[in-house]
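K.L.:
Pasting the relevant annotations from TrEMBL:
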DOMAIN    3-374  domain 'RecF/RecN/SMC N-terminal'
BINDING   GLY30, ARG31, ASN32, GLY33, GLN34, GLY35, LYS36, THR37  ATP binding site
Amino acid sequence: MHVSHLTLHDFRSYASAEVALEPGATAFIGRNGQGKTNLVEAIDYLSRLSSHRVASDAPLVRAGADQAVVRAAVVRDGRTAVLEVELNPGRSNRARVNRSPLPRAREIIGLVRTVVFSPEDLVLVKGDPSDRRRFLDDLLVLRAPRLAGVRADYDRVLRQRNSLLKTAGQARRGSSSQEGALATLSVWDDHLTRVGGELLAERIALVDALRPYLARAYQSVARGAGRDDAELEYRPSLEIDGARSAGELAAALLAEVERRRGDELDRGVSLVGPHRDDLLLSLGHGAGAGAGPGAGPDDEPQAPPRLPVKGYASHGESWSFALALRLASYDLLRDDGDDPILILDDVFAELDTERREQLADLVAGAEQVLVTAAVAADVPKALAGVRYLVGGGEVRREP
Ligand SMILES: Nc1ncnc2c1ncn2[C@@H]1O[C@H](COP(=O)(O)OP(=O)(O)OP(=O)(O)O)[C@@H](O)[C@H]1O
């Protein structure tokens with residue numbers, strides 16, 4: 001798929017912008033702070049209704065305006081659809097496809113798919129578990145847009161259950177009756193664990209699907225890496241004993257929630273569920289890696305240990321891992337049968353020449369690649385396609 005036209009109204013720094021786009025590579029070049037990322041961020045927003053740079057919509061609306069509009073003509077299998085989102089911070093966003101309003105804005109998710117590489121990706125490796133959960137959930141929803149509803153339901157149930165836990169915990173500490181709150185709590189336990197079981201099953205299946213793609217992607221971006229160096233493993237907040245189906249996982253969650261009832265009431269928060277999970281990223285170094293810390297004397301000769309990336313990997317390895325996670329996502333989506341739009345936001349300035357060329361070669365075959373760079377010379381030759389100059393609030397195509 002590719003975007004053939006982008007229209008912005010009051011999005012970020014743009015009062016209005018119209019940009020015609022083509023398949024293949026397009027580079028947006030301009031000095032810092034001129035609005036290059038704002039353009040590609042708009043397309044990414046359309047794909048998932050969230051931005052790779054901020055957690056809320058307010059910063060996406062031009063200062064002084066109260067709503068923003070992003071519209072894109074998206075070409076897929078030769079047919080064009082016009083997708084539009086109206087961002088209304090503090091109120092519901094609206095979405096339209098070919099001018100027809102959708103009942104819920106989130107139904108637009110997945111109609112255009114993007115994979116964004118950006119310097120912010122380092123948080124996938126170095127950041128909190130919430131950054132990695134977000135990575136997984138974004139990818140889940142892009143592959144199966146109906147899961148946007150499951151994700152939203154889980155967040156809503158979690159918020160309501162947490163506020164009930166607080167009330168019930170306060171009643172317990174004040175020795176007043178908590179019977180009513182506890183009865184209601186068990187209803188929310190059922191909701192949380194049912195939706196949580198579904199989300200957990202989907203995440204575990206996604207990690208299994210992503211694993212071989214990640215191993216291959218890491219080997220292609222990290223110089224001298226072995227075939228099995230990069231690994232990822234889903235780390236749930238409870239013992240799941242090989243459970244894989246949504247039903248089995250919901251039952252395991254419910255048993256654990258009941259077991260930890262006292263702790264949850266004391267702390268006033270839900271301590272079990274997909275919102276407490278993490279994705280463990282680890283690196284081995286060459287063939288035979290994998291013994292890990294704690295390997296016994298029988299494991300001689302000792303292989304270099306497999307280590308977590310967070311806290312152990314070098315800066316270059318961390319970067320390669322983050323790039324590999326994005327590349328793996330791209331390859332997985334592509335094998336699902338759709339070529340997502342690749343966005344390389346400011347990444348080339350972070351890489352040395354050899355790795356720039358390597359990454360460019362890996363992505364040059366994508367149907368559409370959008371690149372932003374402050375310095376034109378940073379964009380590798382393999383991606384020298386159409387070029388736009390971005391500056392002074394304008395986006396001008398280079399002749
Ligand atoms: N909501 C907003 N309203 C008005 N201006 C905004 C808003 N959000 C961001 N900006 C402005 O947009 C500019 C940043 O644009 P953008 O991030 O696209 O820059 P860039 O060209 O990609 O720069 P760099 O090369 O440094 O990454 C900043 O000057 C910022 O002040």
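The chain as shown is numbered from 1 upward.
Glycine residues also receive a Cβ, built from the backbone N, Cα and C atoms like all the rest.
Situate these features within the shown structure.
P.N.:
The Cβ neighbour count for GLN34 (ATP binding site), using a 10 Å radius and every protein chain shown, is 20.
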K.L.:
May I have the list of same-chain residues other than GLY30, ARG31, ASN32, GLY33, GLN34, GLY35, LYS36, THR37 whose Cβ is within 8 Å of the Cβ centroid of the recorded ATP site, in sequence order?
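P.N.:
Near the ATP site, the remaining chain residues are THR372, ALA374, VAL390, GLY391.
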K.L.:
In three-state terms from DSSP, label THR37 (ATP binding site) for me.
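P.N.:
DSSP call for THR37 (ATP binding site): helix.
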K.L.:
Where among the binding-site residues GLY30, GLY33, GLY35 do you find the Cβ with the fewest other Cβ atoms within 10 Å?
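P.N.:
Per-residue Cβ counts within 10 Å for the binding-site residues GLY30, GLY33, GLY35 bottom out at GLY33.
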K.L.:
Let me know the DSSP-derived helix, strand or coil state of ASN32 (ATP binding site), please.
P.N.:
coil
K.L.:
Out of ASN32, THR37, which of these binding-site residues shows the lowest number of other CB atoms within 10 Å of its CB?
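P.N.:
Output over binding-site residues ASN32, THR37: least Cβ neighbours within 10 Å is ASN32.
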K.L.:
Using a Cβ cut-off of under 6 Å to any atom of ligand 1, determine which of the binding-site residues ARG31, ASN32, GLN34, GLY35 qualify.
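P.N.:
Within range of ligand 1: ASN32, GLN34, GLY35.
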